[in-house]
Amino acid sequence: MALKATNFFTEPEYKLQDDLILDIRDLHVSFKVKDGIMQAVRGVDLKVKKGSIVGIVGESGSGKSVCVKSIIGFNDGAKTTAKLMNFKNIDISKMKKHQWQYYRGTYVSYISQDPLFSLNPTMTIGRQVKEAIYVSCKRRYYQTKSDLKYDLQTERIDLDTYKEKLAQAKETYKAKTTKAAVHAKTLEILNFIGIDQAEKRLKAFPSEFSGGMRQRIVIAIAVATEPDLIIADEPTTALDVTIQAKALNLIKQLRDLLNITIIFISHNISLIANFCDFVYVMYAGRLVEKGLVEEIFTNPVHPYTWALMASIPEGTDKNAPLTSIPGYIPNMLSPPKGDAFAARNQFALAIDFEHQPPFFDVTETHKAATWLLHPQAPKVEMPADVKEKIAITRKALAIKMPSQPVKQPKSNGNKKTKTKSAR
């Protein structure tokens, strides 16, 4: 079916800071199910800098995937609201179906958990990569035509400028979509991601590759469209440890080479520690802690982050049982009052069961939503097993723990609290 030129994207009232590519504020996503309304995401704020790798970590069911799928319109049947959803000064909260068609795979690419379900089993990998290149070029060309037409109609440009820029866009489109150009780019990408004998393997089908190689092909398709942002939704879950490391290293190389921004989703906190620049910790549809990777993994302050750190298998005595977080994520049909983690938190205070904590500042970039950071809260010692895991992480990150205690945090809220322990 021929692609149809879209209207221009809606521009948000708020313009992004120069260093940001994405700014989301107060995001809520819910689903109507048989038993009621499932509140998957509850008031999430995300800021993503250009060229960064941002990690979102949490247990399965925390709302990580639902949160990022709202960025690409993949939450079918969901009710999505936000005060702001700004991607490259495009208001994605007002996107229509035909606009999503241009946006996905052109500006944003998505890498899913299982490559087997991302690839068409009836098409060769060469054809699939080439199709991604061709379609993205065509979409960008038609979008440019639409934008130029709008600029002409609104007198942002004159007729001569319109004709000149349109001719340039057409020339670029033709040059990039010749058979030779698309073939050459496909080979270049496959060679870079480590597909041996790329020319020969162009005619191979997905079933002829291992799981690790299939995931590399999915990554190739994702970068072939030259997106500004790649969302990697637990892309290494189905891979063994050795292949995981290779896949992550490949994604990082592509980020450095192409200056692509990456949002990386995982329930594996050790992967996040070794891969990301900035980290959001998510639980029961809310963010509970956020900060630079070295801040989160050398000075975590939220009990949920402590629990995730303690569950890292690295450094655990081979004869000792693995640590797990007791209890379960609450039923999001009726989220609990107060802090959703309180029932599983051995350090919970009485107020945790009554009021949702605001974010407290640990540093300018490190914040956490826990009443333990309130000036009147009792002092709580970080668990010994968490300290052990921090020591391991510190070595991996090649940085040192702060030698001085953290300054007394400042609250973003004015609520007074009772600090009596509930335990």
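Each residue, glycine too, has its Cβ placed from N, Cα and C.
The structure displayed is predicted, hence computed values, not measured ones.
Residues annotated as domain 'ABC transporter' in Swiss-Prot, with sequence analysis given as evidence: 24-309.
Over all protein chains present, the Cβ of Gly58 (ATP binding site) has 26 other Cβ atoms lying within 10 Å. If you look up Swiss-Prot, you'll see Gly58, Glu59, Ser60, Gly61, Ser62, Gly63, Lys64, Ser65 marked as ATP binding site.
Taken from Swiss-Prot, the feature region 'Disordered' covers 398-423.
Residues annotated as compositional bias 'Basic residues' in Swiss-Prot: 413-423.
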Averaged pLDDT, computed only over the residues in the domain 'ABC transporter' (24-309): 92
Under 8 Å by Cβ from Ser65 (ATP binding site), counting only residues of that chain that are 6 or more apart: Asp233, Glu234, Ile265
Those residues of the chain, 6+ apart, with a Cβ under 8 Å from that of Ser62 (ATP binding site): His267, Met282, Tyr283, Ala284, Gly285, Ile329
